[in-house]
């Protein structure tokens with residue numbers, strides 16, 4: 001049986017992974033709000049964030065921070081490419097939800113396999129951002145990487161909130177989420193807003209991937225599990241609610257960590273999917289209630 | 001060299017602001033609007049009347065390119081892009097859709113701001129906003145309120161105000177009276193009359209024909225996707241006569 005004195009420690013690390021799930025979940029919501037599309041290539045962005053940063057460090061010897069920022073920018077751009085090449089042509093033809101899901105899933109597989117060909121099948125990792133021994137806070141070890149994850153995630157969430165609340169483009173994106181047709185009737189370029197949504201989601205995904213890689217590893221095939229967790233976070237939070245998704249991610253991270261402590265690592269996925277089922281049965285509209293379309 | 005000028009418009013002597021030629025619309029394989037010709041002259045208020053399901057909303061949606069359409073729509077002689085509502089709206093053809101389409105969870109001020117999404121000129125923005133506040137003083141008291149929490153009439157005022165923020169060349173309205181109390185309807189239609197009096201060209205789709213005919217310079221009567229009559233409101237003396245058109 002598990003030793004319950006570990007619980008605070010486990011909760012602290014659950015917070016870290018929870019932030020990462022939350023960022024990925026926000027990505028799902030931002031695209032869904034702009035278009036009604038559930039983007040199943042979200043995991044590819046997460047994987048590419050870690051892989052590209054690793055490539056920039058290894059091959060070009062860049063310092064970590066610039067490498068991470070470049071990777072985020074490149075992945076955000078890839079998000080726009082995905083929107084232009086895969087999503088927009090289908091969207092213009094008024095493709096059904098199923099077509100969209102299959103198309104983005106196909107894109108996920110293509111990106112995954114291309115990464116395998118280019119980067120090989122060996123797992124890679126990144127150095128921790130701050131190489132110091134963990135802080136001891138009331139008997140709980142808090143690693144600097146955890147501080148990075150939580151700090152950067154909160155910063156990203158805050159910046160996103162400000163963007164949606166204060167900027168012209170952010171407000172226009174919210175308008176598209178509320179009523180796309182009415183937004184178009186005001187001359188708001190709805191398809192450009194969709195591209196912006198893909199850029200934001202991809203950037204957040206890449207950021208999540210970069211933040212978590214030093215505590216684990218990255219490889220061509222890490223995307224899908226992360227995407228599934230992010231998707232669950234989005235549903236738990238109330239689909240289409242970016243900040244709900246972040247809370248959902250935190251909750252999922254904590255539950256997973258407790259499950260690992262209580263029952264062993266093999267139960268991690270069981271815990272995640274149980275949370276999903278529980279919410280679908282008891283509160284299908286999520287923590288904050290699904291966004292009304 | 002000889003230049004052939006466009007024929008002047010019969011009703012006002014100037015080229016039409018908006019002109020549709022052989023405009024048709026379909027939903028899938030169903031032709032909802034058979035090819036029609038329609039125009040709005042500068043400063044004219046044109047009513048589009050007809051029973052439920054006559055194709056009135058479809059006509060407006062076809063002008064904007066919200067449904068798959070054929071034929072041409074021109075703004076002051078320049079053809080508008082097809083199937084591209086964003087581009088059509090950006091040229092100043094602004095539709096207040098059926099059901100208003102306001103951004104409910106956002107504030108009144110934000111809704112108005114988004115109406116002027118294309119406008120970069122701050123002074124012009126302030127002018128337009130001031131104008132909307134004068135037309136609809138009730139909106140001024142509610143700028144910070146969440147738009148969806150207002151009454152139906154106030155939401156309709158906001159929808160029209162938001163459309164005015166876009167600086168329309170021609171304003172299209174789809175049943176602005178839908179679901180509103182008679183007094184509010186009269187207030188809103190009176191405001192449309194004021195706007196039209198200042199020279200704004202308007203196409204008004206209305207189920208309540210008598211109210212629309214009071215304002216209109218001209219009226220098209222639609223039935224089963226075709227224009228069955230063009231009416232001069234001054235010649236309609238009794239509603240029995242109008243009813244005959246409806247059931248002809």
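A Cβ is built for glycine as well, from the same backbone N, Cα and C atoms used for every other residue.
Because TrEMBL annotations are produced automatically, they should be read as predictions rather than curated entries.
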Tell me which range among A:173-192, A:193-212 TrEMBL lists as transmembrane segment.
A:193-212
When you look at the transmembrane segment (A:193-212) alongside the transmembrane segment (A:63-86), do they share 3+ Cβ pairs under 8 Å, ignoring any pair fewer than 6 residues apart in sequence?
yes
Could you tell me whether the transmembrane segment (A:218-236) and the transmembrane segment (A:98-120) have 3+ CB pairs under 8 A, leaving out pairs under 6 positions apart?
yes
Which of A:6-30, A:37-57, A:243-264, A:270-291 contacts the transmembrane segment (A:140-164) most, counting Cβ pairs under 8 Å:
A:6-30
What residues in the same chain, six or more past the boundaries of the transmembrane segment (A:6-30), come closer than 8 Å to it by Cβ-Cβ distance?
38-39, 42-43, 45-46, 138-142, 145-146, 149-150, 153-154, 156-157, 160, 173, 197, 200-202, 204-205, 207-208, 211-212, 215, 226-227, 229-234, 237, 239-258, 260-261, 291
Same-chain residues near the transmembrane segment (A:37-57), Cβ under 8 Å, at least 6 residues beyond its ends
24, 27-28, 31, 64, 67-68, 70-72, 74-75, 78-79, 82, 86-87, 91, 97, 100-101, 104-105, 107-108, 111-112, 115, 119, 124-127, 198, 201-210, 212-213, 218-228, 230-231
